[in-house]
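Engineer: The structure follows.
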Amino acid sequence: MTDSTYDVTRVRTYLQGLQTRIADALGALDGTPLATDTWQRGPAERLRGGGCTRILEGGRVFERAGIGFSDVAGDALPPSASAARPQLAGRGFEALGVSLVLHPRNPYCPTVHMNVRMLIATKPGEAPVFWFGGGMDLTPVYGFEDDARHFHQTCKDALDPFGAELYPRFKQWCDEYFFLKHRNETRGIGGIFFDDFSEPGFERSFDLMQSVGDAFLHAYLPIVERRAELPYGERERDFQAYRRGRYVEFNLVFDRGTLFGLQSGGRTESILMSMPPVANWRYNWQPEPDSPEARLYSDFLVPRDWV
């Protein structure tokens, strides 16, 4: 967080363009265009503003793909946003960002999440305070080391122009953030995560956010192209549904974006579009020793240096 010099219009224009570019690329890959759901909140509602949700369900490649843009404002930062910044509690805010979660149909094709956002906290008589956040992370059902290395290398390449120290810092942040404490396991193989970022000022921070957003298709599409047509059976789909249960647990219990949206009176359909279309839970299930399912736990659901 830093001084009050910023340009929301440029950020908004970039984010709307990013959503369109990603939606067009995913629609072309799947063969099904993503539907558009534009929404607006009235000036008297708890949360003002609006957004656009691009959504695909039941596609050839993607069982569910959701990309949301929102630009909303409220009278008081919700607890999930001000807990680490008590000096900002009670301030008004504007939050704008793009968030996506893609759940492929093929169990060999990993789920992915990406988010880039800007928040501005305001208080009459005081300078506004802004910061950026975002990142991307990969959640495989069946792990492939080539995919993990490619994803992390692309993340590193996006950050390196802004300082060689940022990738290891944001990678560790991601490993620690996307962790299910009650399961004692990571959600996936991580990636990068950052929040409260404005150290270099608006221009450089905005450039970094754009670099992360622009890297997403390069990080993920080659993996989809390698894995989406691999043959699979009922066993793999069953394990996929089981692992998706972990995704649900994290998003509803720990995810700050989900909590921010629900606590601030956000649009529930857009907030919960990250949920997988099918998930299941089993009592005390364990994978067979030395199986591909066991390898996910031993080789991938532990923090590793992938690059």
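Note: Cβ is positioned from N, Cα and C throughout, glycine not excepted.
Reproduced below are the annotations present in Swiss-Prot:
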- Ser99, Asn115, Val116, Arg117, Gly265, Gly266, Arg267: substrate binding site (BINDING)
- His103, His113, His152, His182: divalent metal cation binding site (BINDING)
- His113: active site, proton donor (ACT_SITE)
- His182: site 'Important for dimerization' (SITE)
- 247-282: region 'Important for dimerization' (REGION)
Engineer: What are the helix, strand and coil residue counts for the region 'Important for dimerization' (247-282) according to DSSP?
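Structural biologist: Across the region 'Important for dimerization' (247-282), DSSP assigns the residues as follows: 22 helix, 0 strand, 14 coil.
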Engineer: Counting only residues 6 or more past its boundaries, what in the same chain has a CB within less than 8 Å of a CB in the region 'Important for dimerization' (247-282)?
Structural biologist: 37, 39, 41, 45-47, 51, 53, 55, 57, 63-64, 66, 68, 70, 72, 74, 78-81, 95, 99, 101, 103, 111, 113, 115, 139, 178, 180-183, 187, 195, 238, 241
Engineer: Taking Cα atoms as reference points, rank the binding-site residues His113, His152, His182 by distance from Ser99 (substrate binding site) and give the first.
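Structural biologist: Closest recorded candidate to Ser99 (substrate binding site) by Cα: His113.
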Engineer: As a test of reading the model: what is the averaged pLDDT for the region 'Important for dimerization' (247-282)?
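Structural biologist: 87, rounded to a whole number.
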Engineer: How many Å lie between the Cα of Asn115 (substrate binding site) and the Cα of His103 (divalent metal cation binding site)?
Structural biologist: 15
Engineer: Reduced to three states, what secondary structure does DSSP give His152 (divalent metal cation binding site)?
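Structural biologist: Note: His152 (divalent metal cation binding site) is helical by DSSP.
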Engineer: Give the distance between the Cα atoms of His103 (divalent metal cation binding site) and Gly266 (substrate binding site), rounded to the nearest whole Å.
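Structural biologist: Distance between the two Cα atoms comes out at 22 Å.
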Engineer: For Arg267 (substrate binding site) and His113 (divalent metal cation binding site), what Cα-Cα distance in Å is obtained after rounding to a whole number?
Structural biologist: 19
Engineer: Do you know which of the binding-site residues Gly265, Gly266 has the most other C-beta atoms within 10 angstroms of its C-beta?
Structural biologist: Gly266
Engineer: Measure from the CA atom of His152 (divalent metal cation binding site) to the CA atom of Gly266 (substrate binding site) and give the result in Å, rounded to a whole number.
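Structural biologist: Gly266 (substrate binding site) to His152 (divalent metal cation binding site), Cα-Cα distance: 32 Å.
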Engineer: Measuring Cα to Cα, how many Å separate His113 (divalent metal cation binding site) from Gly265 (substrate binding site)?
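Structural biologist: About 22 Å separates the two Cα atoms.
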Engineer: Ranking the binding-site residues His182, Arg267 by other Cβ atoms within 10 Å, which is at the bottom?
Structural biologist: His182
